[in-house]
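Listed in TrEMBL for this protein:
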type	residues	note
TRANSMEM	27-50	transmembrane segment
DOMAIN	43-292	domain 'G-protein coupled receptors family 1 profile'
TRANSMEM	62-80	transmembrane segment
TRANSMEM	100-122	transmembrane segment
TRANSMEM	142-164	transmembrane segment
TRANSMEM	207-228	transmembrane segment
TRANSMEM	240-263	transmembrane segment
TRANSMEM	275-294	transmembrane segment
Amino acid sequence: FSMFFIQITVTEFILLGFPGCQEEMQMLFFSLILVVYLLTLLGNGAIVCAVKWDRRLHTPMYIFLGNFAFLEIWYVSSTVPNMLVNILSDTKTISFTGCFIQFYFFFSLGTTECFFLSVMAYDRYLAICCPLHYPSIMTGKFCVVLVCVCWVSGFLCYPVPIVLISQLPFCGPNIIDHFVCDPGPLFALACIPAPSTELICYTFNSVIIFGPFLSILGSYTLVLRAVLRFPSHAGRTKAFSTCGSHLTVVSLFYGTLMVMYVSPTSGNPAGMQKIITLVYSAVTPLLNPLIYSLRNKDMKDALKKVLGLRIHQN
């Protein structure tokens, strides 16, 4: 009975967010994050609409990109709205259940993003290294299967770690020095040390991050080797341009992710954890539409058509 009582003592957590900032600075943070959020929704939403409405983009590469943009909308929405409410709130509380629901969706969507980046790299590998076989391999049906596998497997990965962490006894304090429910601060709040659970979660994060990353690395190593053999300079330039945007996104996302979750969490100060989390959870989803559209003529033309049509209709 006493153990049960200890486990239900903490019914909510306090997400400190950005403590110590003056009210003016808090409002500046709020305004900047709100603008970033709205621009992210606009940019990724435009890509989703362009892929849906422009028949020229009904190819596997753009179908993956459209799903990736749709994913980014939900990924940024899993944390930023609560972060904005938290900045304006005096209590800054989140319920125990709400904390773990946010944890689940944030990490599941992040895992799905890893899988999509891996599939997009595989698609570029097939298109550049096996151009003659590409239409017969990357059929519409196979493309749909890969999309479904990314979404379903992304959401099936994290229930086990979340259940393990939620079963730890939390008996106070309940203050999380972060703006999201993250495993590192949650482990620090547990009443008893849980080295086995920490090891399981650390190993789990490493596998989920490095598995797709090694797949991406392998795909682009083969792509680079094939591109360097192209006889024409124009062919090499086009191939590098096609892959360059994807590599930029991979570098941004995986760079921050590895610093945060593969290196021991305790080694990063709380301030650094917040900055890194802010980069991959809010800034990267904002940059992705710009990176993909600025380097892709078909996407730029489709976006102009979609945005022009919307403006004309209004």
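Glycine is no exception: its Cβ is also placed from the backbone N, Cα and C atoms.
Between the transmembrane segment (275-294) and the transmembrane segment (142-164) there are fewer than 3 Cβ pairs closer than 8 Å, counting only pairs 6 or more residues apart in sequence, which means the two stretches are not in contact. Residues 111, 114-115, 117-118, 121-122, 124-125, 128-129, 157, 235-236, 239-240, 243, 247, 250, 254, 257-258, 261-262 of the same chain sit 6 or more residues outside the transmembrane segment (207-228) yet have a Cβ under 8 Å from a Cβ within it.
Long-range contacts of the transmembrane segment (142-164) within the same chain, counting only residues at least 6 positions beyond its ends with a Cβ under 8 Å from a Cβ of the stretch, are 60, 63-64, 67, 100, 103-104, 107-109, 111-116, 119, 183, 197, 200-201, 204, 208. Counting same-chain residues at least six beyond the ends of the transmembrane segment (240-263), those with a Cβ under 8 angstroms from any Cβ of the stretch are 110, 113, 117, 120-121, 124, 127-128, 205-206, 209-210, 213, 216, 220, 223, 227, 273, 276-277, 279-280, 284, 287-288, 291-292, 294-296. Residues 18, 21, 57, 65-66, 69-70, 72-73, 76-77, 80-81, 83-84, 87-88, 282-283, 285-286, 288-290, 292-293, 299, 302-303, 305-307 of the same chain lie 6+ residues outside the transmembrane segment (27-50) yet bring a C-beta within less than 8 angstroms of a C-beta in it.
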